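Heads up, the thing below is written out as structure tokens.
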């Protein structure tokens, strides 16, 4: 649906979404534009490069996603970075609007970099973003909607008094960016956090303001590392100590150490391309973030030792509060793993992860992430496990009846005994990626590997494995979750690592573990242990050019495992930033269903 020239009301957008998905017929097995790697229900623009999610916000009954976008090509080009903009009524189907921000003024002449959206007390949203100015310094700017009554927020203006925050004298001019969503403290002052390298040390700084225009930096950083690597794309948000409801960034939740509220500080590390977080308490009296002593001792000040948002291919995550459903929702950039030449041929690069609801688990130290419930509106045909629910040692059971390239699968495994668990030495706990690489899906073990084979060819020469292993420690047991990409494609020039992470569950008590996997052509998102350990992967199998993908449950353990639950659904194709003819611009090879 083209938005230009139409009566752009919330009603019109909603009617369009309803008309597109009123049919209950099964979807095609190809993504919307026919390119074999293009996704069917993950967010991506019609063409070109995208990266960080910026300023996701729920405003006047609509979801807005702004994102880093190069409107001129499929590769990263900082000088052309703009803010792309799309709107949705359900976080699944999206309509593209014109760019919200383009590099036009001296204070952002070389790019409109990352930032956030804040809703002011009068209901007007304001963008704060990092501009790269004419001298290539990173400065902080604001922008306002041209018409605040427009529910789609189609046009934005950048005041001439920008930048509102120039580069401080002690801060590196090319390491001062990514302002967070702002919050009002209990003293009535606005605050936001921002990444910087100050006096040669990577730090998360806090600024305060009474009017959102004149800002003063807090004397002490919110948090600082011990080296010069900047922790970028910070996010600070409150979480309830109990329950799954999200909390807004208001004074009652973000300020002080209020009862029933904890806080999460998340950063993205450019040297590892991973997102890390810690659960602690933020106090707006002195703008400090503290963590429990036991966590500080275990993880220290090095961000790379903190917990990971995702143990796979995911970066620059950003959350927002969804007031409509009282939840906190996380977005993140998922980059390509093929070559730049492939991206140029396709005409696009980069996805957003499927939006995830986020809350604090009952232990109070880690986040739980789960796909937002709206994904269920795409469910069509239901799959069945062929051959029974007990999978013998070395067994393989196909999940039949659905298209394996566009699915939502949730499976639970029961383990009768832990007696056969392999021994794991303590030093192997430090590097789960390496442990998964050494113990791939084809390496038989005591309890595990067992899990799913996804995007698999009929002859199994190409397959992506998502699986678990249970290990015995000197003080109990631990569960390792892996995504093995080493056989995901026969194509040359593709990054095919093994991702790994430990799942914080009591396997000795539960004797069961769950896995949910979203499969969408070239992306596989997996959630282990009810969402306590998450892994995102990019896959580019060659077999989809001439045939269909298969989906299996496998078990390479020494004993049988029981599948106590299986819910597998084929998913319809969402309407994501489609053009006038309902299609997406693309290049390169098409998938099998459109070749025939």
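Note that Cβ sites are derived from N, Cα and C of the backbone, with glycine treated the same way.
Keep in mind it's a predicted model, so treat the numbers as computed, not measured.
Listed features, source Swiss-Prot:
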- 52: active site (ACT_SITE)
- 49, 50, 51, 52, 68, 76, 113, 114, 177, 178, 232: substrate binding site (BINDING)
- 436-482: disulfide bond (DISULFID)
- 80: N-linked glycosylation site (CARBOHYD)
- 335: N-linked glycosylation site (CARBOHYD)
- 556: N-linked glycosylation site (CARBOHYD)
- 1-25: signal peptide (SIGNAL)
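Feature map: annotations from Swiss-Prot on the structure.
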| residue | record | Cβ neighbours (10 Å) |
| --- | --- | --- |
| 49 | substrate binding site | 25 |
| 52 | active site | 25 |
| 68 | substrate binding site | 24 |
| 80 | N-linked glycosylation site | 19 |
| 113 | substrate binding site | 26 |
| 177 | substrate binding site | 22 |
| 232 | substrate binding site | 23 |
| 335 | N-linked glycosylation site | 19 |
| 436 | disulfide bond | 28 |
| 482 | disulfide bond | 29 |
Cα-nearest neighbour of residue 232 (substrate binding site) within the listed recorded positions, 52, 80, 335, 556: 52
Three-state secondary structure, which DSSP defines for residue 556 (N-linked glycosylation site): coil
Among 52, 80, 335, 482, 556, which are recorded as recorded positions, the nearest neighbour of residue 68 (substrate binding site) by Cα: 52
Nearest of the recorded positions (80, 113, 177, 436, 556) to residue 52 (active site), judged by Cα-Cα distance: 113
Other C-beta atoms that fall within 10 angstroms of the C-beta of residue 556 (N-linked glycosylation site): 22
Tertiary neighbours of residue 51 (substrate binding site) (same chain, Cβ under 8 Å, six or more apart): 67, 68, 76, 316, 333, 335, 350
Among 49, 50, 51, 52, 68, 76, 113, 114, 177, 178, 232, the record's substrate binders - longest CA distance, Å: 20
Closest of 49, 113, 177 to residue 556 (N-linked glycosylation site), Cα positions, binding-site residues only: 49
Rounded Cα separation (Å) that holds between residue 49 (substrate binding site) and residue 436 (disulfide bond): 31
Integer Å distance between the CA atoms belonging to residue 80 (N-linked glycosylation site) and residue 177 (substrate binding site): 17
Distance, residue 113 (substrate binding site) to residue 482 (disulfide bond) (CA atoms, angstrom): 34
Nearest-integer angstrom distance between the alpha carbons (Cα) of residue 113 (substrate binding site) and residue 436 (disulfide bond): 36
Residue 436 (disulfide bond) and residue 80 (N-linked glycosylation site), distance between Cα atoms, whole Å: 39
